[in-house]
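Trainee: Features from TrEMBL:
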DOMAIN    38-202  domain 'Phosphoadenosine phosphosulphate reductase'
BINDING   Cys115, Cys116, Cys196, Cys199  [4Fe-4S] cluster binding site
ACT_SITE  Cys222  active site, nucleophile
Amino acid sequence: MSRISPETLAQLAGTWAVLDGLALLETAIRGPQAVAVAALTSFGTESAVLLDLIARIDPGLPVIVLDTGELFDETTDYIRTLSAHLGLTRVTVTGPTEAERQAAEDLWETDANRCCGLRKVAPLARAVVGFDALIDGRRRAHGFERAAMPTVEVSGGTLKLSPLAGWSDSDIEIAFVERGLPRHPLEVHGYRSIGCWPCTRPVKPGEPARAGRWAGAAKTECGIHTRPLVQDVAAAPLETGKPNGLS
């Protein structure tokens, strides 16, 4: 939860709502009203675009990535590759406690919402304590709940900044090409949105990018973006907190 008053958060959200992309990030990170900010990323197929923008402003900005215990090996490798390519110096990998991992064992088969709560929502709630704003890479073009998302909003006493909200698929592709950004190794195999391996499949031609997540179920989000993060779990210890990669 932010240390900034609700009134100030609302004022910042209103002022920054007209910004996007690099301008929004520069304002939040380096502007006269800069706040304590961290970036949340899955190191998925589009993450390089957002992280490249951040690296241009401050490669030392805190970047938080969740190791749920069910990541693809290719994603683990990509965390190292992309972080090194962009010169990111404060990438922190965090995840569930041992108790949470045990409680979530094979839970994706019977209760995906609770599985995400244990592996993602609770660990992330602990990791973001003390930050005023959180940056994410969501876009309206992803569809589903994201189709009408704002660029800036206040959620659970924290600013949520989505600088790519209005970017098209073409904008993302142009950024990859112009900036020479490395691709996620699973993209060539048809994966366009990548989460945990049990709940992710390649998309078929013509399907939305996120159609491969929880395919066949009504679920389309893990929960970290659709409700305020639960702050009452903040006192629980982090299971991991390893800068610049996994071990």
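Glycine residues also receive a Cβ, built from the backbone N, Cα and C atoms like all the rest.
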Trainee: Counting other Cβ atoms within 10 Å of each Cβ, which of the binding-site residues Cys115, Cys116, Cys196, Cys199 scores lowest?
Mentor: Cys199
Trainee: In the predicted model, what is the mean pLDDT computed over the domain 'Phosphoadenosine phosphosulphate reductase' (38-202)?
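Mentor: Over the domain 'Phosphoadenosine phosphosulphate reductase' (38-202), the predicted model scores a mean pLDDT of 90.
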Trainee: What three-state secondary structure does DSSP assign to Cys199 ([4Fe-4S] cluster binding site)?
Mentor: helix
